[in-house]
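According to Swiss-Prot, the substrate binding site annotation covers 238, 312, 337, 367, 371, on the basis of similarity to another entry. Here Swiss-Prot flags 338-340, 372, 403-408, 424, 459, 480-482, 527 as NAD(+) binding site, drawing on similarity to another entry. Annotation source Swiss-Prot lists compositional bias 'Pro residues' at 52-68. Feature annotation from Swiss-Prot assigns compositional bias 'Basic residues' to 137-146. Look at Swiss-Prot and you will find 109, 151, 154, 157, 160 tagged as phosphoserine. The feature region 'Disordered' is assigned by Swiss-Prot to 1-186.
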């Protein structure tokens, strides 16, 4: 009889371990280990690093027998004392082993007392063929159980709750479920409403790192500047977004929300929002059809029509233009966060089709110089490490695009010892890259030699099938821009190429000659699909979004035309000032004479609109 003791999580990474019953004479010379030592070599089920099992602490190891410490003391039949396995395996002239009739062993002490020894099974560790054992597994695997068996899902590791609250074996689409929150409402669609408690913990943790939004809640307790606002949102649904949504609710707004990315939703957070009464329609792993269905459920509601739009990527705005253009008669404005969405707004404006004012949050100072730079500088490493476990030192990396996102990625990888190349179309950004110590190249020049390719452009087909064909074996390909169009993933879905899902959000695309590339998040946004982002930095962006909504909603008629605007400089400075107390920072104040000399108001704004930070 053989018993497999390797956990499912470790099965794909280490050879299978097979334990066989052996006779005492066979076990002693082949193993010679105590039970504690054997236990230390076997990976624990469901946790730990299966490739590097830690030895038992010294305090837990059985002491090695020495002079004067024979097995007599260890095997004495004292009440409540369990003999040590290492001592039991040694023979001693003062003790004799006797067989019981039922096959058990007895210990005979010098005074003739017979004590039944605890029964043990001698085990020999043998290594089975990994490939053979893995192939014995059932071929039908749940949608996410394979990723769990290979590695703890990186994308579900935002919280400890995710690992034991996710319904990984439940193949039922959330659209087919009948769920209600504790108040009896069913106006939502999430993965599992029972995850709400764990999502609430995530939100409460995020609140501690989002001081400006919490300050807005306190300052607006009486006036409710968004009273009457009906906001429809399409953003990443994370704990940070939940804090923003609840802040908007505290300011008087009604909200309905969908996700702007099919992989970035935190299921437990979506459940917590639904439990709190927010109509949320999102879950991790939506299909393309699910994505548009969720957006439509937010917009197409009997007896409820939005008058404000908060978008990230422009998909929500596009859907309303396409399906419900008459809604814009009551919509006061659009707030757009991403470079992709802003680009689409400018296209509408240029074509004369933008029928409401729009606020460009992406190009505000507080978004560009903080979220785009500092957020990406930290999260690029987090996303790559969680999905690939790779070492960055000495790796050759090409970063496509040297805007604020590209700058953050390059700085992080350079600091970790990577050799970084940059591609860029803008001579100003290109010169910045050169002055920062990066070599400016065309992608074709380095595509055969680099270990990692990262896109940060907001453009389409930056990495084409030709580039993918020329990449070296095991090259990692990922995207830090908003859209999934930067990498031509569609060109890889052909019969001659094999796709192999090796862990959550990690695919190996295999060529006929055996070459493979490692594609992360199917070309979608790496950091929000595969890891997480710094909450404090997102607090800056979320506060900017909230103030932009307040500004557009309360602006007198005629202040904003049917065009795209930047947030007023005074509001940028206000957002920054709300975050300074976290660092115990103290601003210097201008004297009247200094303010007059500079031609400034003592309370700001301190820079003209044309100033580049």
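The backbone N, Cα and C atoms fix where each Cβ goes, glycine too.
Feature map: Swiss-Prot annotations on the structure.
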{"residue": "238", "record": "substrate binding site", "DSSP class": "coil"}
{"residue": "312", "record": "substrate binding site", "DSSP class": "coil"}
{"residue": "337", "record": "substrate binding site", "DSSP class": "coil"}
{"residue": "367", "record": "substrate binding site", "DSSP class": "helix"}
{"residue": "405", "record": "NAD(+) binding site", "DSSP class": "helix"}
{"residue": "424", "record": "NAD(+) binding site", "DSSP class": "coil"}
{"residue": "480", "record": "NAD(+) binding site", "DSSP class": "coil"}
Residue from 403, 407, 424, 480, 482 whose C-alpha is spatially nearest that of residue 337 (substrate binding site), among the binding-site residues: 482
Of the binding-site residues listed as 340, 403, 407, 424, 482, the one whose CA lies nearest the CA of residue 238 (substrate binding site): 482
Residue 482 (NAD(+) binding site) versus binding-site residues 312, 367, 371 - nearest by Cα: 312
Alpha-carbon spacing, residue 371 (substrate binding site) to residue 480 (NAD(+) binding site), which is rounded to whole Å: 13
Residue with minimal Cβ packing [other Cβ atoms within 10 Å] among the binding-site residues 337, 371, 424: 424
Longest CA-CA distance among 238, 312, 337, 367, 371, per record bound to substrate, angstrom: 18
Between residue 312 (substrate binding site) and residue 403 (NAD(+) binding site): CA-CA distance (Å): 18
Nearest-integer angstrom distance between the alpha carbons (Cα) of residue 312 (substrate binding site) and residue 338 (NAD(+) binding site): 5
Cβ neighbours of residue 407 (NAD(+) binding site) where a neighbour is any other Cβ within 10 Å: 23
Nonlocal neighbours by CB distance (under 8 Å) for residue 340 (NAD(+) binding site), same chain, sequence gap 6 or more: 313, 314, 458, 481, 482, 483
Cβ-based isolation winner (fewest other Cβ atoms within 10 Å) among the binding-site residues 405, 480: 480
Residue 403 (NAD(+) binding site) CB neighbourhood, other CB atoms within 10 A: 20
Separation of alpha carbons, residue 367 (substrate binding site) and residue 424 (NAD(+) binding site) (Å): 21
